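Asker: Let me give you the structure first, and then I'll get to my questions.
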Amino acid sequence: ACPKGASYEAGIVCRITKPALLVLNQETAKVVQTAFQRAGYPDVSGERAVMLLGRVKYGLHNLQISHLSIASSQVELVDAKTIDVAIQNVSVVFKGTLNYSYTSAWGLGINQSVDFEIDSAIDLQINTELTCDAGSVRTNAPDCYLAFHKLLLHLQGEREPGWLKQLFTNFISFTLKLILKRQVCNEINTISNIMADFVQTRAASILSDGDIGVDISVTGAPVITATYLESHHKGHFTHKNVSEAFPLRAFPPGLLGDSRMLYFWFSDQVLNSLARAAFQEGRLVLSLTGDEFKKVLETQGFDTNQEIFQELSRGLPTGQAQVAVHCLKVPKISCQNRGVVVSSSVAVTFRFPRPDGREAVAYRFEEDIITTVQASYSQKKLFLHLLDFQCVPASGRAGSSANLSVALRTEAKAVSNLTESRSESLQSSLRSLIATVGIPEVMSRLEVAFTALMNSKGLDLFEIINPEIITLDGCLLLQMDFGFPKHLLVDFLQSLS
């Protein structure tokens with residue numbers, strides 16, 4: 001069981017509003033149809049006393065559905081209680097075999113078997129509670145009602161005597177009502193829990209990649225109001241199933257509205273948790289070949305024949321050069337009203353190997369970089385917008401140097417021919433290069449990488465309408481509308497088969 005209360009501590013919050021439920025309700029019929037078809041209908045046997053015939057033994061066997069259709073359904077949210085679904089005019093045709101036996105007035109034992117169909121019309125009312133157990137959302141439908149508006153028995157060929165049809169119409173009506181209520185309601189409850197697990201597992205999959213996972217266990221029972229339902233999750237990212245848990249913040253419900261279909265709230269602690277996992281995974285690294293670096297520079301309008309580049313390469317062929325950028329420690333992320341602020345310490349290395357392979361020129365320097373970024377999503381792509389940046393030499397850290405480190409490596413010695421003034425000039429030029437070319441290039445590659453990752457998780461299959469990414473102090477908000485996710489329904493129904 002999970003606690004209930006007025007304070008909701010979480011790293012991630014998901015709010016689904018009434019407009020979203022109305023869209024999702026469009027395909028409720030298919031889920032209910034699956035419940036009817038998956039439900040097992042047991043054989044029933046017994047006996048009854050019939051005037052003039054004595055004891056009549058009977059049995060219903062192989063009861064199954066031959067036709068099923070649903071006219072309409074409605075959904076309502078009952079504040080602090082349940083999700084109520086009303087399904088009208090469920091038309092069901094059952095078929096099966098009726099066995100009966102009795103002793104005739106002449107002392108003969110009569111044992112007959114006849115196929116039958118039952119044509120029925122039913123209304124279904126399901127009131128579902130949301131709870132949680134062991135970090136997962138659970139559903140419970142204590143109120144599940146079936147109302148029969150029609151129940152007609154058709155015996156095979158209608159050749160049997162009228163008393164038989166009358167007798168078994170009454171019996172089958174009573175028996176079928178009991179069986180349907182028990183079996184169908186139980187199956188609906190089972191499918192509801194399977195769906196809850198399916199959604200939570202799919203959400204975790206979207207946020208995971210490789211050895212990076214996420215713990216989206218719920219921190220309390222979901223909240224139901226008259227206009228939305230809401231779940232609260234831990235949001236701890238993991239690396240190789242190991243996470244560094246952080247204290248969860250209290251989520252203020254007033255931050256999210258109910259006019260859009262879907263809302264997400266992310267504490268910036270979650271973003272820091274993701275950055276830590278990515279750093280541990282070794283993903284915060286960028287490597288370019290000389291030709292790739294040259295192409296990047298030319299794309300930004302730089303003349304690679306300038307003196308600075310000749311000084312860098314020292315006349316060595318740039319095609320075999322290597323440029324590497326990597327984070328020295330876990331970046332720090334904070335959400336502010338103006339955007340997402342990322343503080344990172346990076347090392348940049350330029351390496352120019354000589355053709356003989358015996359020596360190479362290498363340049364390395366370290367920078368503390370602070371960027372302020374806003375994000376948007378459109379046309380199934382993520383876009384990052386650089387609002388501001390600062391590049392500061394890493395002179396304040398123990399063991400680091402503000403000066404450019406230059407080395408000419410040979411088999412026997414290491415020498416440097418750069419004068420101090422020339423080194424400072426080159427260093428200044430390289431820092432300018434990082435600011436004007438490096439940061440935009442990294443952001444561009446992040447856009448492509450994040451978009452590819454999201455699409456690999458199937459995000460491009462969703463019809464996301466007018467998404468907004470909003471930053472506030474301490475949190476990131478996503479809000480959007482959407483079309484019915486038919487691919488998810490197909491996947492879910494296939495998982496039931």
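Glycine residues also receive a Cβ, built from the backbone N, Cα and C atoms like all the rest.
Pulled the feature table from Swiss-Prot, pasting it below:
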- ASN89: N-linked glycosylation site (CARBOHYD)
- ASN99: N-linked glycosylation site (CARBOHYD)
- ASN111: N-linked glycosylation site (CARBOHYD)
- CYS144-CYS185: disulfide bond (DISULFID)
- ASN241: N-linked glycosylation site (CARBOHYD)
- ASN403: N-linked glycosylation site (CARBOHYD)
- ASN417: N-linked glycosylation site (CARBOHYD)
Asker: Taking just the CA atoms, what is the gap between ASN241 (N-linked glycosylation site) and CYS144 (disulfide bond) in Å?
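Answerer: Computed Cα spacing between ASN241 (N-linked glycosylation site) and CYS144 (disulfide bond) is 40 Å.
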Asker: Let's check the environment of ASN99 (N-linked glycosylation site): how many other CB atoms sit within 10 Å of its CB?
Answerer: 15
Asker: Relative to the Cα of CYS144 (disulfide bond), which of the glycosylation sites ASN89, ASN99, ASN111 has the closest Cα?
Answerer: ASN89
Asker: Can you grab the distance from ASN89 (N-linked glycosylation site) over to CYS185 (disulfide bond)? Cα atoms, rounded to a whole Å.
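Answerer: If we compare the Cα positions of ASN89 (N-linked glycosylation site) and CYS185 (disulfide bond), the gap is 17 Å.
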Asker: Tally every other Cβ atom lying within 10 Å of the Cβ atom of ASN89 (N-linked glycosylation site).
Answerer: 15
Asker: Looking only at C-alpha atoms, tell me how far ASN99 (N-linked glycosylation site) is from CYS185 (disulfide bond), rounded to the nearest Å.
Answerer: 27
Asker: Let's check the environment of CYS185 (disulfide bond): how many other CB atoms sit within 10 Å of its CB?
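Answerer: So the Cβ neighbour count for CYS185 (disulfide bond) comes to 20.
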